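The structure under discussion appears below in the form of structure tokens.
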């Protein structure tokens, strides 16, 4: 049976921790036949005429990749619900509360999380997000009308909620804003091409691909300053403030994944790796002193593929039995 973490097979059922006061963490189990991973098709997007707003009801567990207005109305007590939002790499998610009818005093809640959280693991990780973890949550029952519009810091966001009384619920409008300098990204697809640029900023950026993939880095510039490259480090990446690392694992949080390779000097050419992990992350660490850029492409790995490319290749990781 495929891993519950692999989006190409199925998404996951998610439920909030039941113990009192532990509402910020989500657990995961297999979704089975009722797959809630619904990235809406391009056909539907084309059918929507200019200016027309897409509307539909939300399920207790849902996922959305399109703008529109979405309503959840409880038909019974719903205690462990979540909706995941995802955009293109260069998009930010904007969530506006249009209508909220929940009983905060009776134990209901409605929270927005800046990023995704699954089984207690966050994306972006705490090391890569510009805000401390406590500020990544916006609780409607605490903020009320004070903050009715929330914008994500990357191309993913989520809401999770608990509603006891049938008939209660909420309506949100979801929009996408352009992010001129995308940093932390979860890819919607198992293949693509992306260029990550960090210009004179002390920050870390992660690009997450929730598939086993072949990833090929075609261009890497580190320590670029006034048209010159810094001297290559003599050995490894120890003590280097600017570098790229490849990570692999079965969870969501890059800080908890296994380091597969470090790249700490500029090159033009080709560096390829086959990574059979459920989740592959390319992460750039930047000191803020230079302009760093990496261009890479990726495609889903055929687990039956056994041929190793000798040129500019690195051994495979995360294959069963290896």
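Cβ atoms here come from the backbone N, Cα and C positions, even for glycine.
Per TrEMBL, the features are:
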| type | residues | note |
| --- | --- | --- |
| SIGNAL | 1-21 | signal peptide |
| DOMAIN | 52-177 | domain 'Corticotropin-releasing factor binding protein N-terminal' |
| DISULFID | 60-81 | disulfide bond |
| DISULFID | 104-141 | disulfide bond |
| DISULFID | 183-205 | disulfide bond |
| DOMAIN | 185-306 | domain 'Corticotropin-releasing factor binding protein C-terminal' |
| DISULFID | 237-264 | disulfide bond |
| DISULFID | 277-318 | disulfide bond |
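Location within the structure of each feature annotated in TrEMBL.
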residue	record	CB count, 10 Å
60	disulfide bond	20
81	disulfide bond	21
104	disulfide bond	14
141	disulfide bond	15
183	disulfide bond	24
205	disulfide bond	24
237	disulfide bond	18
264	disulfide bond	21
277	disulfide bond	25
318	disulfide bond	19
Exercise. Using DSSP, how many residues in the domain 'Corticotropin-releasing factor binding protein C-terminal' (185-306) fall into helix, strand and coil?
Worked result: 3 helix, 70 strand, 49 coil
For this session: Calculate the distance in Å between the alpha carbons (Cα) of residue 104 (disulfide bond) and residue 81 (disulfide bond), and round it to a whole number.
Result: 16
Exercise. Nearest to residue 318 (disulfide bond) by Cα, among 81, 141, 205 (disulfide-bonded residues)?
Worked result: 205
For this session: Determine how many residues of the domain 'Corticotropin-releasing factor binding protein N-terminal' (52-177) DSSP places in helix, in strand and in coil.
Result: 11 helix, 67 strand, 48 coil
For this session: Provide, as an integer number of angstrom, the distance between the C-alpha atoms of residue 60 (disulfide bond) and residue 183 (disulfide bond).
Result: 30
Seminar exercise, completed: For residue 264 (disulfide bond) and residue 205 (disulfide bond), the CA-to-CA distance in whole Å is 15
Seminar exercise, completed: Cα nearest residue 141 (disulfide bond) among disulfide-bonded residues (81, 183, 205, 237, 277) -> 81
Exercise. Which of the disulfide-bonded residues 81, 183, 205, 237 has its Cα closest in space to the Cα of residue 277 (disulfide bond)?
Worked result: 205
Problem set entry | Rounded to the nearest Å - Cα separation of residue 237 (disulfide bond) and residue 205 (disulfide bond) | 17
Problem set entry | Rounded Cα-Cα span from residue 183 (disulfide bond) to residue 81 (disulfide bond), Å | 28
